[in-house]
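Here is the structure we will look at, set down as structure tokens.
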Amino acid sequence: MASQHFSPSGLSRLPERRTFVPVLFRLPFLSSSRFRAAALSFYSPLKLQLKRSQNVQKRSRQIRPHVVKVNATNDDDSMGISSFDDWVIDDSVAAYVFSSSSDGEYSDGETVLSPLDEVDLPSVSADDSVTMRSLTSRRINVGLLSNLVIIIFLAMVLLLVDWCGWKIVRLPLAPFYLTSPFTISLVLAACAGYICIPYLKTLELHQIIRKEGPANHSKKQRTPTMGGLFFLPVGIFVANFVTGFSSVEVAAAAAATLAFATIGLIDDVLCVIKQHSSGLSPRLRLLLEAAVGICFSFWLNATTLLSPYGMKMVVPLPAPLGLVCFGKLYLLLTPFCFVSMGNGVNLTDGLDGLAGGTAALALIGMTIAVLPICPALAIFGASMAGACVGFLLHNQYKASVFMGDIGSLALGGALAAMAACTGMFFPLIISSGIFVLEASSVILQVLYFKITKQMHGSGQRLFRMAPFHHHLELSGHKEPVIVAGAYAVSYVLALFAGYIGLVSA
């Protein structure tokens, strides 16, 4: 009987026969107990190795659709071995390939190394998948913690302002003057999200992700957008309801917010129709935003607003500057404020929870600043901040909905309207520090690229990518950490803006 030679690659071609060894044992000269024990000691490891090979082949068939080809060049020391491009991956070759993760939204797009056959290198164990899940869970917990902190912080600030209301405005204010609209809007916006988000998914109003953006944003492709459709009406309605639909300032701020929301809605709808990340052309959108700001300026010039100063076009500044009358320059400052704030919030809306949380904090800063000048407008700010936080419960990492341009442009318009009605432009710049940073990073990136292109013939970039939050992403910082850091900065800016507003008024 010729001896059979088994090789690791030949194991996969052996037929599955369970009677192979028992047939040998029936032969008279092989039936001794000593030979039987020796044969079993040889056959058992062989059978175990065969099972391992078959299991690995099954796993390789599942991995193979996700194979990504890796190019390599032949070196002089390659000894005739061909590059990776010439490899043929079949069931008899032991090799390693790079495969893309297929964990869907719970994957961060990292490349994993998967074995295709029986080799001595270590394979991915179950503990590795548990580690990935725990890492994703930890990032989600960071988002939840950030939301919890922002809710507690805003509630405590508003309660403190309500408690000290008499010292601030020298007027008798109703109990929970600012806390009530904030809480009502928060609850209603959160509930509206549970009702409206399934409809947005049904209508397939999905966010169009930029191809030139960070690679890990591709997993957000199927996330619905236009979340501003459900939280903006809540904030506007609650503000008007609490003020009894009698405040001219609140009505004007609501009108400006809705006008910017309309521009954003048109932009979002065009993005969905064209299946492209850009809807309206940048020039047309800037023109529409400037038109809204100009109309608001003419309205301010023609309307007499209640003011403790008895005069219009005044900008309160801290001592020793005091009140500064801008005159007709005020009418030019207002459109610029609308355009810059709308685009600043829009550029910030690139990470889960970033624009919503920072806008809520900026609105609270402006709420405190305008309270001595126009208490009704402070209710509008508190109500819009509550609506933002209610939306934030659905927009936290990993987001189930995006606010879209309809939400980001409207929030910028609301902030600009609050400043234009009261002259609190300086507190607006402070409370909106994150938006100023994001917009400035884009402007600096474009200017630096054009200048270096003229000087050296090829443009260079100041940041890895603009806006600035994408630069931080590409630098290795995780999304929830960036958002939490932006919140921490916004906490300080909101308090400082409120203080400057109170001192200036």
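We number each residue from 1, going along the chain as drawn.
Note that Cβ sites are derived from N, Cα and C of the backbone, with glycine treated the same way.
Automated prediction, rather than curation, is the source of TrEMBL annotations.
Remember, it's a predicted structure, so these values are computed and weren't measured experimentally.
According to TrEMBL, the feature transmembrane segment maps to 142-161, 181-200, 226-245, 251-273, 285-307, 319-339, 351-371, 377-394, 406-426, 481-502.
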Contacting positions for the transmembrane segment (285-307) when only residues 6+ beyond its ends and CB under 8 Å are counted: 248-249, 252, 256, 259-260, 263, 267, 313-314, 330-332, 334-339, 342-343, 373-374, 409, 413, 416-417, 420-422
Cβ-based contact of the transmembrane segment (181-200) with the transmembrane segment (319-339), 3 or more pairs under 8 Å: no
Interface check, the transmembrane segment (142-161) with the transmembrane segment (377-394), three or more C-beta pairs under 8 A: yes
Positions on the same chain near the transmembrane segment (406-426), where near means CB under 8 A and six or more residues out: 226-229, 231-232, 249, 252-253, 256-261, 263-265, 267-268, 289, 292-293, 296-297, 300, 305, 307, 313-318, 330, 333-334, 337-338, 340-346, 348-349, 355-356, 359, 362-363, 366, 369-370, 373-374, 377, 380-381, 384, 388, 391, 432, 435, 500-501, 504
